[in-house]
Structure formats: C-alpha cells, structure tokens
Amino acid sequence: QECKCHGLSGSCTFTTCWKKMPHFREVGDRLLERFNGAFKVMGGNDGKTIIPVGHNIKPPDKQDLIYSAESPDFCQANRKTGSPGTRGRVCNSTALDVGGCDLLCCGRGQREETVVVEENCLCRFHWCC
C-alpha cells in the first residue's frame, strides 16, 4: 500500500491510499520459493480432499503450491513428450540461473568452445589531420 498526503503547504488534510503491485523481481522470488517448497498430493477417497504424499505432516495451506504428478526429466530426449533434451545446447558457463551450464547440462559436464567470427563491417578509414 502506498499513500499520499494532500493539503495546503504540505499539511496532511486528507490522505489518498492505494494498493500497489510489488516489483516483478519480488513476485518471481516468491513464486520460486513456493515452487521449491511445493507439496506432492493425492486425491482423497471423497473426491474433494487432498492428502500430502510422503513425510510431510502439515497439510498445505491456501498459499502453498501443490502437484500430483512428477515433472518429466527434461534433461533426456523424450519422443513421447516431444522434448529434445538438453544435450548439445549452448549454455553460459558463468551464469548460475536457467541458462547456466550447471543446470542446463544436468550434471553431464560441458565442453568449452571458442568461436571466432570475422565479418566484413564495411568500415572506411578517413585521414583527419
């Protein structure tokens, strides 16, 4: 929530307040935190309730993320899902996030390759002095 005062000479005769969205980065960080703590669940016999699977004792609350099926392994090619896998992809060796080699190469290691590209820049030299 953010507020602004109104009035003569800065006196706060009345205040206007409004709800404000958090910064995009903050929203992403919250989602990642919830994703990393997501609960695996299965449906109850009554068809309405969910039951946590595994060693989780506390049932998930309304703000927790839940899932019922494991995600496929995107590291390996899978014809059934149409996933080409990550083998042979270009990665960033210095990045620690999604495009980084540690995550993208799935622990297989990577091969570094330096590519030199020569291009004709159509530059011209002008003698000035």
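Including glycine, each Cβ sits where the backbone N, Cα and C put it.
A quick note: this is a predicted structure, and the numbers were derived from the prediction, not measured.
What Swiss-Prot says about this protein:
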type	residues	note
DISULFID	Cys3-Cys17	disulfide bond
DISULFID	Cys5-Cys12	disulfide bond
DISULFID	Cys75-Cys106	disulfide bond
DISULFID	Cys91-Cys101	disulfide bond
DISULFID	Cys128-Cys129	disulfide bond
CARBOHYD	Asn92	N-linked glycosylation site
LIPID	Ser9	O-palmitoleoyl serine
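A map of Swiss-Prot features onto the structure.
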residue : record                      : CB count, 10 Å
Cys3    : disulfide bond              : 9
Cys5    : disulfide bond              : 11
Cys12   : disulfide bond              : 10
Cys17   : disulfide bond              : 9
Cys75   : disulfide bond              : 16
Asn92   : N-linked glycosylation site : 12
Cys101  : disulfide bond              : 20
Cys106  : disulfide bond              : 15
Cys128  : disulfide bond              : 4
Cys129  : disulfide bond              : 2
Please report the number of other Cβ atoms within 10 Å of the Cβ of Ser9 (O-palmitoleoyl serine). 4
Looking only at DSSP and grouping its letters into three states, which state does Asn92 (N-linked glycosylation site) belong to? strand
From Cys5, Ser9, Cys129 (recorded positions), the ones whose CA sits within 10 A of Cys17 (disulfide bond) are Cys5
For Cys91 (disulfide bond), just count the other CB atoms lying within 10 A of its CB, please. 16
Cys106 (disulfide bond) to Cys91 (disulfide bond) - Cα separation in whole Å: 11
How many whole Å apart are the CA atoms of the residue listed as 'N-linked glycosylation site' and Cys128 (disulfide bond)? 42
When the Cα of Cys101 (disulfide bond) is compared with the Cα of each of the recorded positions Cys3, Cys5, Ser9, Cys12, which one is closest? Cys3
Give me the Cα-Cα distance between Cys75 (disulfide bond) and Cys91 (disulfide bond), rounded to a whole Å. 13
Round to a whole number and give the Cα-to-Cα distance in Å for the pair Cys12 (disulfide bond) and Cys3 (disulfide bond). 11
By the DSSP assignment reduced to helix, strand and coil, which category contains Cys101 (disulfide bond)? helix
